[in-house]
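Working notes, structure below.
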Amino acid sequence: MAPGHRHGSVPPVVLLLLVATVLGSLCLSLTASPEAQKRYNFRFVRHARDAPLVSYYNYIVVGGGTAGCPLAATLSERSRVLLLERGGLPYGNRNVSSEYHFADALADTSPRSPAQRFVSEDGVVNARARVLGGGSCLNAGFYTRASSGYVRAAGWDPRLVNASYRWVERELVFRPDVPRWQCALREGLLQAGVTPDNGYTLEHVQGTKIGGTIFDRAGRRHTAADFLRRAHPRRLTVFLRATVSQILFRRTGTSKTDTTKGTATPVAYGVVFTDPAGVRHHVYLRGGAKSEVIVTAGTLGSPQLLMLSGVGPRGELEKHGILPVLDQPRVGQGVADNPMNSVFVPSPVPVALSLVQIVGVSRFGTFIEGVSGSQFGIPLHGRAASRRARSFGMFSPMTGQLGTVPPKERTPEAMRRAAEAMQRLDRRAFRGGFILEKILGPMSTGHVALRSADPDANPAVTFNYFRDPRDVERCVRGIETIERVVRSRAFARFTYANVTAMEAAVLGRRAGHLPVNLLPRRATDTRPLQQYCRETVMTIWHYHGGCHVGAVVDQDYRVLGVRGLRVVDSSTFKYSPGTNPQATVMMLGRYMGLKIQKERWTRNDETH
């Protein structure tokens, strides 16, 4: 049995599949949507069912997400690259492309949804991307770079980092039109002491600023998938609905079919993926020792795939019938999710739709942001829109966000009751906006573990929110800052004078049935802020770690203990970069694409 194969599996018979390779390559059909073909000419994007049973590439990139797309596009400039994505296209799906339907993707729990819901062992409902473009197809669009200190600590080349950021920004970053509510938030932050005023900037600097966005002036989202229009169309192949189940390894000095374990270093030489019909496809590296498998499957997917392939804690692997290739106990460790706590601030006047545009970077390790608009960020337009069910935006039970009960009590039944309560309320109850705080770091960490050997199943994830008391104190100071913002002169137009006036005007007799945390806080809410932080914690989808640099990968993102394999994504981060990580994840894809390309061509050993 080959290392990394699960007990009972059958090794591939490569020679018998060569004929199928040729025939399959002649009948690849196009699956890019008409919009994608018209806008970007993505003729190299195909469905996994049309993939040959055996194929060969210089680079195999596993995960077409926020890092994988810019990485694959960059590598294709000079090499043959295969990009494998388990989801579908983002184009033609209004839940992805439209700012007005932003939260609908998170509320969609169907098997074909671009968002795959999971619940951490802490009880907090979360989501992971399942679409070409990854998390950039699901997030609130805010774009900001990592700090210069973060870049130095990562050991990155500052000049190449800046060039890579600029490459990203030319493709999909815009300056937002800032509505009055966001202007009031900005002025309120300054009056609350989150200074100085940094105006519009993409840099991560202390104080209050307007950041970039990946939504254009028409409210259309631009995603990491757009980077593929910069790819070489004859050197890149993308297969959608392709679930990678295993990275293939052999030992140095042995043949590909040698099943002896030996003692030499394992070398990655290919992957196995499955199409929706259950057909297994094998992809192998070609072109010499510089060819690589590069995993860009994200914080959950990357450590999960390493473990499914036999690289991880021996006991964890053997529990699921996986023969270890490398006993690596640190795979899956150090996973963290920046805890987020939000409050809804009802407004006496109508409020325009806006996603995250303003951020306050405090001196004490807390970031303050806000979103606004009727229906919690989802305005209703026209008769057809008024007939459809309301999702109530990103901070609602429909999207998995329920902060009015402690995490362990957020059962499906509790979520259902909260959703029904919202549906019964008058729409005027939802005028206003959310102000949220997210803490730096965090210091509290957890782990990812396998639930099963099924690559489609979510792994078990524990984040240990607020286990470290330093995280709790940062949250407390963040909530106190939000309270000062709401009481500021700048924000007076968008808030009620006191809780009594708010409840009388907005909630009436249903004051106890609105499943969001309000500010001003109700008189009956006497919890200490430390308890409030723990009981109202939610996710802002900025989780990271599991394949840390120095623990699982080296400074060049090569997996320690094996050859021919790298991990390049947010799983390598010890701390989340900046206030929002997507800019740095995209930058890292471009950055590492350029570095890997240079390494290969310096040796001039490319095989065409």
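Just so it is clear, glycine is given a Cβ too, placed from its N, Cα and C backbone atoms.
Remember, TrEMBL labels are computer predictions, not curated facts.
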Cys533: disulphide-linked cysteine among Cys183, Cys475 [source: TrEMBL]: Cys475
DSSP-assigned states of the domain 'Glucose-methanol-choline oxidoreductase N-terminal' (298-312) in counts, ordered helix, strand, coil: 11 helix, 2 strand, 2 coil
Maximum Cα-Cα separation in Å among residues Glu85, Arg86, Val131, Val244, Trp541, His542, Pro581, Gln582, which the record lists as binding FAD: 25
List of residues, in chain order, with Cβ under 8 A from that of Glu85 (FAD binding site) and at least 6 apart: Gly63, Gly64, Gly65, Gly68, Val131, Leu132, Val238, Phe239, Leu240, Arg241, Ala242
Pairwise Cα distance for Val244 (FAD binding site)/Cys533 (disulfide bond) [Å, integer]: 38
Neighbouring C-beta atoms (10 Å sphere around the C-beta of Cys475 (disulfide bond)): 28
